[in-house]
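J.: I grabbed these lines from TrEMBL:
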- 276-298: transmembrane segment (TRANSMEM)
- 279-398: domain 'ABC3 transporter permease C-terminal' (DOMAIN)
- 323-350: transmembrane segment (TRANSMEM)
- 370-395: transmembrane segment (TRANSMEM)
- 416-435: transmembrane segment (TRANSMEM)
- 447-473: transmembrane segment (TRANSMEM)
- 494-515: transmembrane segment (TRANSMEM)
- 737-760: transmembrane segment (TRANSMEM)
- 738-857: domain 'ABC3 transporter permease C-terminal' (DOMAIN)
- 781-811: transmembrane segment (TRANSMEM)
- 831-855: transmembrane segment (TRANSMEM)
Amino acid sequence: MSSRLSGWRLALRLAARDALRHRARSLLVLVMIALPVAAVGVADTVYGTSATTGTEALERRLGTAAARVDLFAGGNQVFQLPDPEDGLSFDGGGRGDQALGVDDVGALLGGDRPLTEVREGTLRYETARGVGDAEVAELDLDDPLTAGLAELTSGRWPAGPDEVVVNADLADRDPGESLVLADGTRLTIVGTAESTRYTGYPRAFGLPGTFDLGRRAQRAVLVGGPPVTWEQVRALNERGAAVASRAVLADPPTDDQLPEEVQWGTGGIDSATLTVLVLVVVMVLLEVVLLAGPAFAVGARRQARTLALVAAAGGTPAQARRVVLASGVVLGLAAALLGTVLGIAGAAALMPLFQLASDTRFGPFDVAPLHLLGVAGFGVLSALLAAGVPAWVASRQDVVAVLAGRRGDARPSRRSPLLGLVLLGGGVGASAYGASRGTAGGGEVPIAVGAVVSVLGMILLVPVVVALVARLSRRLPLPLRFAARDAARHRTRTVPAVAAVAATVAGVVALGIAVSSDEAQNRETYRASLPMGAATVTDYRAGADQDAYAAAVLGVAPDLRVERLRGIDERRAVVRFRAGDQARLLTSYGGPFAATVLVADEVPDALVDLDAEQRRAGDAVLSSGGVLVFADGEVEASTSRVVLRRSGGDGGQSATTTPAVFVAVEGEYATVQGVVAPEVAQRLGATVADTGLYLPGPVPAATAADVSEAVGAVRDSGSFYVERGYEVPDETVVVQLVLAGLGAVLMLGGTLTATFLALTDARPDLATLSAVGAAPRTRRGVAAAYALVVGLVGAVLGALVGAVPGVAITYPLTGPLSDGTGGGPSHYLDVPWLLVLGVVVGLPLLTTALVGLTARSRLPLTARVD
């Protein structure tokens, strides 16, 4: 044991001296390994700071109370996990229609407990620019139980129901000295305060009754006194309340004590998610190893003569491997330490930006030493693995050849390519199996496993591909021929670089196809609610004043044409259409017109589910007193039975049979069930009313913003919608940009690193070229050619391998529903050719140009080693 340790001490001392002697190469390895460590360190520290736990989290939720009891209307029994925010469900086993009151909670818990009520909700208020939304809370912030729920930053707490405090987000909306609610209530602002739990949204606090929330309020009771036990929590659950108890959260019950209805919430992370996380870690580790591999390969190449002398003096292959692996240990430890320090410093510097992007208030700066130790271990492991292959190659070199000044690399193994083919075939098979599962479930994990296995197989095949490229280069110009053959001759340096590029491109292509195909499905299945550029104004609540809405629209956009839509008022009735043997056709409980059945003597222009012929047929049947009905398939009938069922009062129903035209829509969606002639509605005894406004448009974007604000000022339940067609979500654009950017950084980094290491290693050969008359530009050409070989070969390989899981994932991602109700094709496939061409062709050419422009043309003449 002591001799082995002394051997490692010597190897580590040699590695440290070599690292200091070759600072540029050492710095390169440090950057390659330290950056991922720093990035994970930043993420872990930010997450730990944002995830408040323990006493601090309880004070933000409960104040100083022993429990918070949330009250729900309806009296339905509640089934909850120990923390109701982790999961709860309801059952109709309650004891009444009224929610518990404050006194009821006290009576159920027993004893003389202090209680205080909290009412929360949302409302609209006036600003200097129009109307805004705010979250509000009614509670007595001077009550000891509420201490810790909010923090006063200026002024004082409200002393009466006509005073409020607001947070900075609401104050930034410039409400003035008073907060004027949408109903005209004026409340004096006496200070500013911040919620200790939430941020990033306008909030106001007042005493009970300040905002007159009524039934809109979410009611809760803060309970003081002795701890609230799990048995008391269950008793309150039976009366329709959810409870967050300080004692229960600190000492939760066992799983078998939980209600069966919520035991699904205690399983922790599922196996599929865990598998995907493990695969992600493996891929990140693999990428780091491949990026750092060329530097260790060059280092081992520089130490070849030293290692040969060790072997000639009686050293074993294990000792030779130890010398190269020691470089991985030294540089890995240094990179891990540097990355950890950078991660902590970066988290501290970036924390304000992350706080701005979050709606939850962070806790104090929290560094998890054990987590960061694991991340640092990840960095050391990456360096060791990156040095592993060069160490193994160095231990197998021909000692006599190296001491004679020749290359001593052993012949590559024939087993590796065969294993690579097996892994690649297994990966393709796993992806195919996952694709065959479709949307039945369970296909994503085989595809993810197949992707990683395919990449591993591809890495083992890279030496064969590099050798094949070298053989095919005989007719290429000198720079390309030189670069291709040099790459094949120094596989230990070339293979990691090509594999790193290939792995990056494979990931970009696979994820790019998945994201693009998902967007293709969204785009193809999108159904416009209105003609392009048209708009509607709707209000589902009773008492909507369409005249006021029309006046508001014309007040800010007098050039717009405003039409009224009339429909059957279904707040107290339900209308259904039937035809022949079909029990009923399309049904709806909402839509863009605040009515599911329109009333008109011709087809309204707002409907988009008809072609010209269907519109003419609809006009004809409506003008003759019939109905136009939408269906999700062809209907062979000429009449429809229209049924109106009334709710409330005496109830009952009425029906009539009338001529009908049936229109089959694509998919299963139509904006309305149908259109009935006025006389049909009259025969049914239906209540017909103006249900909304239709603006044929086109409505410009600037005008739409003004109209939306004007509609909101009339009534907070009014809504304004403009049809713009399918719009790509911002999140999708961000994902695509991140893919392209990350791919570019990794490809450029890997290719440039390998290229300049190769040029450093090939100095004697390039000097010999200059000595025999090669032009100075030849070195630039060789440098650019080497970058092209590494980048292009890796990109093409990666694109081919990445396309397999990319296409496979489209089946479970975009396929129809497993029950067959989704309709449509088996899957949607959309290859983002611009992204693919960019990473496969554009980035290698860009890297080639950069290397060609920055490489040195002249070198001092040196003796050639080989």
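Using N, Cα and C of the backbone, Cβ positions are placed for all residues, glycine too.
Neighbours and distances for these, please.
T.: Residues 25, 28-29, 32-33, 36, 269, 324, 327-328, 378, 381-383, 385-387, 389-390, 393, 444-445, 448-449, 451-452, 455-456, 459, 490, 492-497, 499-500, 503-504, 507, 746, 749-750, 753-754, 757-758, 760-761 of the same chain sit 6 or more residues outside the transmembrane segment (276-298) yet have a Cβ under 8 Å from a Cβ within it.
Below 8 angstroms of C-beta separation, residues 29, 33-34, 36-37, 40-41, 44-45, 48, 285, 288-290, 292-293, 295-297, 299-300, 303-304, 307, 317-318, 320-325, 327-329, 331-333, 335-337, 339-340, 343-344, 409-410, 492, 496 of the same chain, each at least six residues beyond the ends of the transmembrane segment (370-395), sit close to that stretch.
The domain 'ABC3 transporter permease C-terminal' (738-857) scores a mean pLDDT of 81 in the predicted structure.
Nonlocal intrachain contacts for the transmembrane segment (781-811), taken as residues 6+ away from its ends with a CB within less than 8 angstroms of a stretch CB, comprise 424, 427-428, 431-432, 434-439, 443-444, 447-448, 450-451, 454-455, 458, 461-462, 465-466, 469, 477-480, 482-484, 486-487, 494, 497-514, 517, 747, 750-752, 754-755, 758-759, 762, 766, 769, 826-829, 831, 836, 839-841, 843-845, 847-852, 855.
Among residues of the same chain six or more beyond the transmembrane segment (831-855), those with a C-beta under 8 A of the stretch's C-beta atoms are 505, 508-509, 512-513, 515-516, 736, 739-740, 743-744, 747-748, 751-752, 755-756, 759, 779-781, 783-788, 791-792, 795-796, 798-799, 803.
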J.: DSSP helix, strand and coil counts for the domain 'ABC3 transporter permease C-terminal' (738-857)?
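T.: DSSP composition of the domain 'ABC3 transporter permease C-terminal' (738-857): 93 helix, 0 strand, 27 coil.
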J.: Should anything in the same chain at least six residues away from the transmembrane segment (416-435) have a Cβ under 8 Å from its Cβ atoms, list it; otherwise answer none.
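T.: Same-chain contacts beyond the flanks: 443-447, 449-461, 463-464, 801, 804-805, 807-812.
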J.: How about long-range neighbours of the transmembrane segment (447-473): same chain, 6 or more residues beyond its ends, C-beta under 8 Å?
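T.: For the transmembrane segment (447-473), the nonlocal Cβ contacts are 275-276, 279, 282-283, 286, 290, 412, 416-417, 419-435, 480-481, 484-485, 487-489, 491, 494-495, 498-499, 502-503, 506, 510, 789, 793, 797-798, 801-802, 804-805, 808-809, 812.
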J.: Within the domain 'ABC3 transporter permease C-terminal' (279-398), how many residues are helix, strand or coil going by DSSP?
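T.: Final tally across the stretch: 100 helix, 1 strand, 19 coil.
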